[in-house]
Amino acid sequence: MTDVGWVAVMTLLGLLAGSVLNCVIWRLPLMLNRTENDGLPARFNLFLPRSCCPQCLHTIPFYHNVPLLSWLLLRGRCHRCRASIGLRYPLTELAAALCSGWVAWCWPPGETALALALASWILIALLCIDLDHLLLPDVLTLPLLWLGLLANLSGAVTPLADAVIGAVAGYLSLWGVYWGFLLLTGREGLGYGDFKLLAALGAWCGWQRLPVLVLGASLAGIGLIMLLRLKGKTGRGEAFPFGPCLAAVGWWLIVTPAATW
């Protein structure tokens, strides 16, 4: 029987991680694309300067940084200027909490569950960054790959040999699709970040689940394209983010035991 206390602890840990993820999602792309005249402070990283309201630039006090709860108590507004604070922030925290809780529901306390929770948080960050910037940073995809291989040293999710083959097959499969599409159409259909993300997911779930992952992500991608077009955010021939589809389907496959699906 699942330990309710374990699920509660992991859910709370995920809620705290979600607050950090909001900083990563917002700041990491800015850090990677820094220029001399970008208007950012000289000391700008994931932790400095402290978070502030994007409208009035007032520093957010620590007691207003309680994940999810602060947003609810402040009714989604800055405590000083009353400017609206987007839903993205509480939704990211909630997603991290729910994903962590699901990990705890599926896996007993131990190193594997903690590694899967960390992988979940990385995937949430990748999903959001790719949606916003069409970017899957190596600083996130490569640690995800190595974390998967390390977690599978003992065959926690899949045998190590299958994990290694999964990483190689994941990369080469999308690499082949990329070059085939480029030769046929003269246009790039995928980004190199997609190759690395599928390689990382292959390192977690093994090569056997890659066909299911790619099929599920492709179907999700069709749905995402339709949604973005309905909202007028993308047109025919324009690039769209495939990373979120890989991340969402891949997360489900690596966290949820195969017996349940």
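Glycine is treated like the rest: Cβ placed from N, Cα and C.
Per TrEMBL, the features are as follows:
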type	residues	note
TRANSMEM	6-26	transmembrane segment
DOMAIN	12-106	domain 'Prepilin peptidase A24 N-terminal'
TRANSMEM	113-132	transmembrane segment
DOMAIN	118-225	domain 'Prepilin type IV endopeptidase peptidase'
TRANSMEM	144-172	transmembrane segment
TRANSMEM	210-228	transmembrane segment
TRANSMEM	240-259	transmembrane segment
So, do the transmembrane segment (240-259) and the transmembrane segment (6-26) meet, by the test of 3 or more Cβ pairs under 8 Å (sequence gap 6 or more)?
no
For the transmembrane segment (113-132), what are the same-chain contacts with Cβ under 8 Å, counting residues 6+ beyond its ends?
10, 13-14, 17-18, 21, 24-25, 28-29, 88, 92, 95-96, 99-100, 103-104, 107, 140-141, 143-144, 147-148, 150-151, 156-157, 193, 197, 204, 241-244, 247-248, 250-251, 254-255
Take the transmembrane segment (144-172) and find every residue of the same chain, 6 or more past its ends, with a Cβ under 8 Å from one of its Cβ atoms.
111-112, 115-116, 118-119, 122-123, 126, 195-210, 254
Taking helix as H, G and I and strand as E and B in DSSP, count the residues of the domain 'Prepilin type IV endopeptidase peptidase' (118-225) in helix, strand and coil.
92 helix, 0 strand, 16 coil
